[in-house]
Structures are given as C-alpha cells and as structure tokens.
C-alpha cells in the first residue's frame with residue numbers, strides 16, 4: 001500500500017472520494033466539493049443520487065478540471081456524533097467498497113472526513129488493515145487486495161504522513177494477530193510459533209527475547225504448563241519479550257500475558273465433535289499479545305512492557321494429564337485437576353507468576369478462557385476482572401468504549417475464593433461444577449499473580465466472529481489490541 005500526500009485540490013489518477021455529512025453545512029470544504037461537482041452537490045443529495053447515512057456508499061460522475069472523473073461518496077451521518085469508532089467504521093466501509101469494485105488507485109479528499117478532536121492519520125490506516133484483511137494464505141486462488149495507491153488530499157496543518165506511518169503499525173499488529181489465530185494447528189504449534197516470534201522481534205530496537213523450551217520448563221518448575229503440554233508431540237514453550245525504550249514513563253514494566261493453546265482437544269475431558277472445530281483459535285490471547293507488542297515496539301511508545309506467552313497443545317496420550325492428577329505450579333501451589341479442558345487457566349497460572357517476578361505495575365492477561373463469559377455477555381463484550389478497586393480499570397474501560405471494543409467488569413469475591421480452594425487433597429482445584437464458571441476461572445488465575453495489580457480479560461466471545469463486518473471477515477478479530485495499545489499510548 002502506497003500513500004501520496006497532497007495539500008491542495010490537484011486531481012490525480014483514479015476516482016475521487018468524498019465524505020458527506022447528513023447536514024451539508026457540517027462539510028468543512030463545502031465550497032470546494034460543490035465546485036468540483038459543478039455546483040450540484042445539494043441537488044444530488046436532495047435527489048438521493050448521493051447518500052449521507054453513515055457508512056453508505058454512492059457514486060456519480062463529474063467533469064473535474066477538464067477531466068471526467070468517477071466520484072465516490074461515503075456517508076458520515078451527523079458529524080456531531082462522530083468519534084474514533086464511528087470513523088473507523090466509515091473508512092472501513094469505504095475500503096471494503098474500493099476492494100469490491102477492484103479499484104487500485106483513488107484520491108481521497110480528507111478535508112471532507114474531518115471531525116472534532118479526531119486524528120484522521122490514526123483511524124485511516126487501522127481501518128484499512130482491518131477492512132481488507134483476509135486469511136487466504138493456503139488458497140491457490142488468492143483474491144487481490146486491489147487497493148495499491150491512495151492519494152490523500154488534506155489542506156489543514158495536520159501532520160498526516162507521520163501519523164499514518166505511525167499507526168499503520170497498529171494495523172499491522174491486528175493483521176498479524178488475526179493471521180496467527182487463523183493458521184491451521186498442523187502448521188502453527190508451540191515450537192514454531194516461538195521461533196516465528198523470536199525471528200520477528202530479535203532485531204527490533206530496545207527488545208529482548210527469551211524462549212524457554214520444555215526441558216528448561218521442566219527443570220525450572222513450570223509444572224502447570226508442562227502438565228497441559230506433555231501429551232503432545234509438540235512440546236510447550238514460554239516466550240518472554242521485553243521492550244524497554246530510553247526514558248520510559250514507567251520503570252517497572254506493564255506485563256501482558258497471553259494464553260497460547262495452539263490446539264485444544266480438551267484432553268481426557270474431551271470436547272465433542274461439534275466443540276472441537278475452531279479450537280485452533282485457542283491461542284488468540286497469545287496472538288493478540290504479539291500484535292500488541294508489534295504495535296508498541298514499532299510505534300516506539302515510551303512505556304516499559306514485558307510480554308509473556310504460554311504456548312502448549314492440549315492433546316491425549318498415555319502420558320497425558322488426567323482428572324484427579326495433582327501438579328505443582330511454578331508458584332509452589334499444588335493444583336488438583338478436575339477437568340483437563342480447563343487447561344488455559346493452568347498455563348496462565350505459571351505465566352502470570354513468571355510475569356510477577358518482573359515486579360510489574362500491572363499484569364494484564366488475555367485468554368479465550370470460558371464459554372461462560374459468552375453466555376453472560378454474548379460475543380459482543382470482553383469480560384474483565386481485577387484484584388483492585390474498580391477505579392483501577394476505569395481508564396481501560398473508557399478507552400475500550402472510545403475504540404468500540406466493548407468490555408464489562410465481572411466480580412471476584414469470597415464466593416469464588418471458597419470454590420477455588422474446595423480441594424481435599426491440594427491447595428486449589430482447577431474446576432468447580434457450578435454456575436459462575438467465568439468468575440471461577442478468573443479467581444483461579446488471581447491466586448498466582450503474587451499480589452501484584454492484575455486485570456484479566458476473557459476474550460472467548462470477542463476474539464473471533466462468526467459473521468464478519470466492515471471491520472473484517474468472519475474469524476479472528478484481534479480484539480482488544482486497539483484498546484490496549486491506545487491505553488498504553490495514553491499511559492501516565
């Protein structure tokens with residue numbers, strides 16, 4: 001994708017793209033746009049040749065500077081109601097249309113897209129990467145992206161070029177996470193996932209990478225990761241990425257921890273034939289943390305971040321983890337296994353305790369952890385838990401609302417604490433057969449954060465979609481990468 005930046009109305013190749021608000025007096029460059037259309041803009045809108053409903057696409061033709069040009073418009077709706085998430089959607093609708101129409105070059109009059117307190121250079125590249133993304137790596141007949149050249153006209157003083165170059169890394173991070181999540185499990189497994197992560201980040205400025213293999217994990221006492229992964233011929237890995245720029249805002253790091261179960265059969269508590277397909281995405285927590293880390297390090301955010309990725313396959317063989325087994329975690333806790341399909345919390349337990357050794361300001365973990373959170377919040381909201389007062393997560397929740405990645409806080413109380421400790425033979429149990437399974441799972445992880453501030457994100461409902469939208473096809477979404485990167489960008 002190539003961008004050319006113009007600061008005056010000088011026509012280039014391809015159709016001209018204009019955004020239209022529902023009230024034309026809200027169009028900042030009305031006179032210029034009206035002149036381009038021969039003074040007929042109001043009439044075209046009144047006759048519904050051009051539409052203004054947010055996200056709607058229409059087209060016409062006009063002679064512009066002696067050349068007949070196709071004109072494509074995208075509706076903004078009421079500009080007073082526009083924010084980050086609305087503009088992401090507007091641009092995404094536009095880019096999906098350009099791809100559908102096989103348009104490889106277009107001129108976008110960005111003055112018409114301007115909105116209060118908004119940064120067009122932030123939303124445009126992210127929308128582009130999200131809208132045209134498609135996982136077709138293993139198709140012999142790949143669909144071209146088509147969009148190759150965007151000529152961007154903006155007469156204001158906004159530093160558009162540097163913003164687009166910066167925020168494209170956020171778009172790349174989302175695309176990378178989606179691709180990892182969609183990769184078939186015979187082609188992405190703990191060993192080569194770790195190798196790919198190492199290859200991507202080993203030469204990035206201010207980044208260090210450490211990969212612990214199964215032998216090291218066994219020797220150093222990562223008993224829960226090993227319990228989950230030992231039945232597979234694809235052995236577990238623990239990847240630690242550290243990004244520490246010069247003069248970061250925080251000396252103690254922010255820890256991002258991802259569940260990376262590259263395939264989940266359920267183990268001996270085996271899933272049904274209908275429950276097993278799409279379990280390749282049970283590593284979306286780790287994939288999304290990789291996407292976050294890509295954006296954070298490439299955007300050179302002034303924050304110290306440690307990312308920990310717990311990678312394993314939950315399979316079956318004679319050496320596999322069984323219900324009734326007891327294993328010792330890295331923290332020293334003994335854990336009674338009551339359900340081998342409750343494996344994500346096990347690998348996260350060792351991973352968050354590992355992260356806690358960095359004395360982080362906060363640990364955030366991300367996991368496709370429970371079906372219960374989907375039942376509670378549908379597939380539209382991420383469940384959030386914390387061991388701190390609600391005020392601790394208000395900034396994260398506010399950012400999630402801004403970017404359109406909805407979240408909802410759920411409780412942990414003495415009720416869950418009692419259930420987690422309901423083992424007669426070990427310190428804690430990994431499963432309790434009762435309602436409230438999502439909060440139980442969160443409370444289980446809480447036992448291993450070593451009293452550090454902690455936020456748990458259960459993305460079981462939001463990490464993928466079965467329908468697709470203007471923001472991407474069905475499948476992996478990359479949620480909540482935008483929320484976390486923007487939160488860290490604003491971190492104080």
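Quick reminder: no glycine exception, Cβ is built from N, Cα and C everywhere.
Note that the structure is a prediction, hence the values are computed from the model and not measured.
The active site annotation in TrEMBL covers 271 (among others). Within its own chain, residue 271 (active site) has 264, 265, 279, 341 as residues 6 or more apart in sequence whose C-beta sits under 8 angstroms from its own. In this structure, residue 271 (active site) belongs to neither helix nor strand by DSSP; it is coil.
Sequence-distant neighbours of residue 345 (active site) (same chain, six or more apart, CB under 8 Å from its CB) are 367, 369, 430, 441, 444, 445, listed in sequence order. Secondary structure at residue 345 (active site), as computed by DSSP, is helix. Among the features that TrEMBL reports, active site is placed at 345 (among others).
Annotation source TrEMBL lists Mn(2+) 2 binding site at 259, 264, 282, 343. Long-range Cβ contacts of residue 343 (Mn(2+) 2 binding site) within its own chain (separation 6+, distance under 8 Å): 228, 261, 264, 267, 312, 314, 321.
In the three-state DSSP assignment, the secondary structure recorded for residue 264 (Mn(2+) 2 binding site) is strand. The annotation Mn(2+) 1 binding site is assigned in TrEMBL to 264, 341, 343.
Long-range contacts of the domain 'Cytosol aminopeptidase' (339-346) within the same chain, counting only residues at least 6 positions beyond its ends with a Cβ under 8 Å from a Cβ of the stretch, are 224-225, 227-228, 259, 261, 264, 266-271, 282, 285, 312, 314, 320-323, 327, 367-369, 430-431, 441, 444-445. According to TrEMBL, the domain 'Cytosol aminopeptidase' annotation covers 339-346.
Here residue 259 (Mn(2+) 2 binding site) comes close to 282, 283, 285, 286, 310, 344, 347, 348, 351, 365, 366, 367, 368, 369: these same-chain residues lie at least six apart in sequence, with C-beta atoms under 8 angstroms from its C-beta.
Each of the binding-site residues 264, 282, 341 was scored by how many other Cβ atoms lie within 10 Å of its Cβ, and the smallest score goes to 341. Excluding 264, 341, 343, which define the Mn(2+) 1 site, the same chain contributes 228, 261, 265, 266, 267, 269, 271, 282, 314, 340, 342, 344 within 8 Å (Cβ to the Cβ centroid), listed in sequence order. When pLDDT values are averaged over the domain 'Cytosol aminopeptidase' (339-346), the model yields 99.
Take the mean position of the Cβ atoms of 259, 264, 282, 343, the recorded Mn(2+) 2 site; other residues of that chain with a Cβ within 8 Å of it are 228, 260, 261, 279, 283, 312, 314, 344, 347, 367, 368.
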